[in-house]
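Taking it in order: structure first as C-alpha cells, then the write-up.
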Amino acid sequence: MAVCARLCGVGQSGGCRRRRQRKGAGNDPELEDEEEEDEVRIEAEVLVEGQAAVAPLRPRSLLQLPPEILVEIFSSLPGTELPSLAQVCRKFRQILTTDTIWKRRCKQEYGVCENLRKLEVTGVSCHDVYVKLLHQYRHILGLWQPDIGPYGGLLNVVVDGLFIIGWMYLPPHDPHVDEGMRLKPVFRIHLMERNNATVECMYGHKGPHNGQIQIVKKDEFSTKCLQTDYHRMSGGRQEEFRTWLREDLGRTLEDIFHEHMQELILMKFIYICQYDKCLTYRRIYHPPNRPDDLLNPGFFKGTYGSHGLEIVMFSFHGTIAKATKITGDPNVPAGQQTLEVDLTRPVQLPDVEHLRNFDEISRLILDVQSQIQREQRQTGNEEDDGKGAGPDRAEHSQQPAPVHRPAKEDVNGVDNADDREQKPPNVQSFVLPAGVMARNEEYPRSCKMCFYGTGLIAGHGFSSPERTPGLFILFDEDRFGFIWLELKSFSLYSRMRDRFQHSEAPSLEAFDEMLQHMQSWTT
C-alpha cells in the first residue's frame, strides 16, 4: 500500500482501515482481492466554478488506467520496488508479469540492450535475467584487486550482454607502455534456460567449465574452480610455463638471457599456479576527480626495470600526489605507495645541454631534499621550544603550482582529442641525463612541469623499504615519468584509457580508507 499511496499521491484509504478491522476474521480470498482493488481506487475530483465536481472523462482509479499506461508507469520505477508493488492487488501482479517492464529495468540499471528474440530462443525472460542474474550478482560489479601475494592485479566485473564477465587487465608487453591493455576473461555468469545462474571458470585452454562464486563479506568475494583439470596441458608444467610466458609476458625462454630475470619470471609463474583453484578479490575504487588536480587521476601502466610493466593508481591528496601499485613484484608488492609527489616543490629544469649532465639533475633534486630536511629540523626545534610553526610561520607555500588544464575531460580521466591538440603554455624541453637507464627510449622530449618526489625501493620480500628522492616529470595529460636518483633509472607511465563503470568511491573517506587497507593486504 505504501508504494500505491506514493503513486496515487494520497494516504491510506478507508479500505486499509476496514482490512485492519476484519483482520483475523477468516475472509474469503476472492473477497480480499476485491477489497484490494477498492483500496487503490481514487476519487478524482476537480473544482469547477468554486464547487467540487467529478470529472466524468477521467479514470477514477489506477485500475481504470489502460494496461499500457500502467506498464509505462511501472517501467519507470526501480526494479527493487516492483516486488512491493506486486503485493498491492491482483491486477498489479498481472501487469508486472509483462516482460517489457523488466527489459527496461535491465537496460536502464545495468545497460543490457539484448534483443528479446535471443531470450525467447533460450526460454529466459527479462524478469529472470533481472532477478536471477543482474540483481543477484550486482554486488560484484566494478573493480577488484586479486589476492595473489605481491603481484596483485586488476579485475573489472561488467555486464556484457546476457553475461556477467570478470576481465583481468594485463599490461601490454614490456616495454611498450603506450599500447592498450590486454583483457583476459577469468570467469563468467549466465542463465541456462530458466534455472539459476551458472558460474563458469574461464582459465585454461579447454573452454568454460564449472566454477563457484561466494560473496565472503562486504567488498570481498572469492572464486573457486571445480574442474582444475581444464587448466592442465598435455605437455605438463613445462608446456604450461612456455604458454604463460608467451601469452602473459610476450617472451620465449630463448629471449631471457639475464639470470636474475629468469629467476623473477619463474618465481612469478610458480606463485600464480598456486591460485588457479581458489582466488579472493577485494574491491578498489577509481580515484576521485577534482577540478584543480594537476591532471586527471586514474590508472596508469609504468615501466619497472626487470619487473616489466606494472599498473599504478594515481590520486591526489591535497598538496601531495600518490601512485599506488595495483600490480607489484617481490621487492615492492601491490598495494604499496610507489611514488609520492610534493606539488608545492616545483623544479625548474636547466637547458638541454645541462640537463644531459646527471650531476646537474642530482644537484637540483638533492638541494630540494636538503631544504625539506632543514625545514623539518626547524619545525621540530620550534615545537620543542613551545613556539609551534603556526599559520604565519609556514616555511614554504602550501599551494600546488598552477597548471594548464583542458576545458573538458572524461569522467574516467580520458581527455578529449580536441583538447589534446591545444598547445599548453610554458613547455620545457626534456631529455634523460646521461647514464640514466630507461626501458623505453621513446619518451616525450618536452614536459609541462616537474616536481620533487620520492619513490619506494626495497629488497626482496619487501625488506628494508625506504623512500628515495627523485624527479616527477609531467609530460601531458596522459603521461608522466619519474627519475629514480639512487637507482639512476627512469620509469615512464602511460594512462589506461579503458572506461570503468560501478567504480566510483561512495566518499573521499571511503577512498582513503581503501588505500590504507591496500597496504595491509600485501604486508
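Cβ atoms here come from the backbone N, Cα and C positions, even for glycine.
As recorded in Swiss-Prot, the features of this protein are as follows:
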type	residues	note
BINDING	Cys201, His209, Cys225, His231	Zn(2+) binding site
COMPBIAS	386-396	compositional bias 'Basic and acidic residues'
COMPBIAS	406-423	compositional bias 'Basic and acidic residues'
DOMAIN	59-105	domain 'F-box'
REGION	372-427	region 'Disordered'
Sorted by position, what residues of the same chain at least six away from Cys201 (Zn(2+) binding site) have a C-beta under 8 A from it?
Val186, Phe187, Pro208, His209, Asn210, Gly211, Thr223, Cys225, Leu226, Gln227, Tyr230
Residues that sit under 8 angstroms from His231 (Zn(2+) binding site) by C-beta distance, when 6+ apart in the chain:
Tyr203, Gly204, Cys225, Asp276
Beyond the listed site residues Cys201, His209, Cys225, His231, identify every same-chain residue whose Cβ lies within 8 Å of the center of their Cβ atoms for the Zn(2+) site.
Met202, Tyr203, Gly204, Asn210, Gly211, Leu226, Gln227, Thr228, Tyr230, Asp276, Lys277
Return the average pLDDT for the domain 'F-box' (59-105) as a whole number.
79
His231 (Zn(2+) binding site) - helix vs strand vs coil (DSSP):
helix
Please work out the helix, strand and coil residue numbers for the domain 'F-box' (59-105) from the DSSP assignment.
33 helix, 1 strand, 13 coil
Using all protein chains shown, find which of the binding-site residues His209, Cys225 scores highest when you count other CB atoms within 10 A of its CB.
Cys225
